[in-house]
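Q: I have a structure here, written as structure tokens, and I will follow up with some questions on it.
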Amino acid sequence: LRCASVAVGSSVVPLGSAIVASCTIRPEFCHGLEQGKVWITWMLDNEPMAGSQHQGPWGTEVSNLTLAQFNRTQAKLWCLVEWNGAKQRVGMAEIRAGYPPAKPFNLSCVLNLSNYGLTCQWEQGADSLLPTNVTLQSHPSHCRRSRAPAVRGCTPQGGRSLCTVPRRLLQLYRHMEIWVSATNALGTAESERLRIDPMDVAKLDPPALQSIQSIPFQNDCVTLAWEVARSTAHMELECELRYRMPEDPAWAVVTGIIGQAGTTQRCGFLSGTWYHFQMRCRRSSARGYWSEWSPGRNYTTREKAPTGKLDAWWSTHLARAGGQLEVQLRWKALRRRDANGHVLGYCVTLSPRRKGRDPLTVCNTTHTQCNFSAPAGTRRVYLSAYNAAGESAATEVVLLERKGQPLAGLWAVSGGDRSLWVHWETPPAPPAAYILEWQRVSSEPDRCSTCWQMERDGAVRTALIRDGIEPFQRYNISVYPLYKNAVGVPVHTTAYSKQKAPSDAPKLHLKSISKSNAELCWDPVPVEMQNGFITGYTIFWANSTAEVASAAVNPTLSSFVIRDLKPSTLYKVHIMASTAAGSTNSTSLTLVTTVLDDTEIQFLFLTLGLIFVLLILLLICFQKNTHVKQQFWPSVPDPANSSLGKWVPAELQQEPLPVPGVREPGLATISTVTVLERVAGKQSSPWGKEPVPETTVPVVPQPYVRQEGPGT
């Protein structure tokens, strides 16, 4: 153990600083090194380091090592000697590096009245990379300048930045100084000192709402009663009340409620409306923390008859049978502040309600639209709403004719994924109001009864529409100016709140094809699948050698002719439909061009027809022209028509020939053959004019007889 010793300037250094170390070898305590030369080397962890070696006092060997910059947070520095041909580790020093502790900040404390423990929390700052001790310290503020030692409050556990000072270390209703101290091997840092009375940072228990009641004959006012928590019964408190309707994200807050327990009144509530109430308190000195909000309590105020005017819109036409006026009346539901409770229904009459006389009711419904018939010439109807407390004053609806001036211009832009901004140019005569109407464009129209709104300010030129607006759907928008004595002719536009690539592309069909051209056609993409305005089509075609070409097509067209194709070649064709937000490709269509064009095929058939006709004409000419016929087909005499064929010798004229029986059909049997021999002399030739030599001695025919048996 005494063979070697390693010494360093400091075992903990700032990160990046220099390190100086030395290793001293005492050979007399190193077995096997007493007589030999000692060679000392260094290693930082597993990395060799070069030092300088010299002989020290009393026969020792010393090696010094200097590291100009130590950039490791922790490392082991080894001293080694050559021992039996191998390097042996004989000494070691462990070195750590880091930074001084960072100054803690954002110190805050809360006193818990259940156990009167003071819980403080803070932010530690940057990591020092070294073991650091953190403590929360405190002492009475009047001892700040004395030499009294600080009281150690608490030490955080598990590396957390909070801890709780117990009640026995606190002085309530007196000011104390509290701070956080962080210490490591390189120094100490302290937070800013917090000077507080622990009771000033007490967090009280919440109060409890006992009851809520309406004030008689004041439907918009309520009385609330509450009690404070038992732990705060001895304190002077300041409280706050908050309330809201369920659909309202913001709270209405009532401040400045003073007292231990009691009641308070609040007015301005809507009639027949559900509210949610909560309360909280703190010390009246306006110091410390608010308690948590109390458990909520719900209350519905009393109803009263609806108030306000209904926005109505209509369309009319005369029925063919009976001459009745058919009216479609639509209106907007009353706003909550005008409904004064739950609206039970709406009533439409042909005359205003007067005392002692009930008008003719044409519609009584819970919906916001009604279709009814009225006598021809009806120009006014009356619309009212009612709830359990009564009926509203009637709104007069004048059925004006649609013959006024239209708007000078209209357009719409997106106002978000589910809204549209509609802009227009006012007509020369200023309207009193405007009606905006919109419908989703669909293959199956579905009329939306709520997709309209009224703008009562005739000076406005823009409006935001939200009801029923969905992204990627097209909407037809119409705006009607309302004049004093007429309704203006509507102006229309279309718009999308948001666009994307089409859900599908058109399907291509081959209309006609030739050796160099192909005519294609397609059906438009259904409007529900367009997802935006179609800005154009692009047609792509490629042959088997991967030669690709394309052409842009106007979105209003539904056919296209591809030209300059190669004859007898296979092509694959597809179409791409595009919107402002993207494109979608269709499936491929395979086609093969022909060898010949239609005109070439017609010319070929015409040529063949002409040749055939010429051949027929030539045959007819040959038949009619004897000279030509004799040249090609000379006349050959028919032996059957010669004189020899008709000449019969005299001997045969008197010999009867056997005739087969009529009842015995069959071939005639020749029983006698007479052979004639030419005799001397000349006779006239039946084929010509040359004389035939005459004979003086006739030749007697020699009979040849053949017996024919049965069946021969």
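Backbone N, Cα and C define each Cβ position, glycine as well.
Okay, so TrEMBL annotates it like this:
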DOMAIN    206-303  domain 'Fibronectin type-III'
DOMAIN    406-501  domain 'Fibronectin type-III'
DOMAIN    502-597  domain 'Fibronectin type-III'
TRANSMEM  603-622  transmembrane segment
REGION    682-712  region 'Disordered'
Q: With DSSP as the yardstick, break the domain 'Fibronectin type-III' (406-501) down into helix, strand and coil residue counts.
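A: Computed counts for the domain 'Fibronectin type-III' (406-501) are 0 helix, 48 strand, 48 coil.
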Q: Write out how many residues of the domain 'Fibronectin type-III' (206-303) are helix, how many strand and how many coil, based on DSSP.
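A: Residue counts in helix, strand and coil order: 3 helix, 54 strand, 41 coil.
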Q: DSSP says what for the domain 'Fibronectin type-III' (502-597): how many helix, strand, coil residues?
A: 4 helix, 47 strand, 45 coil
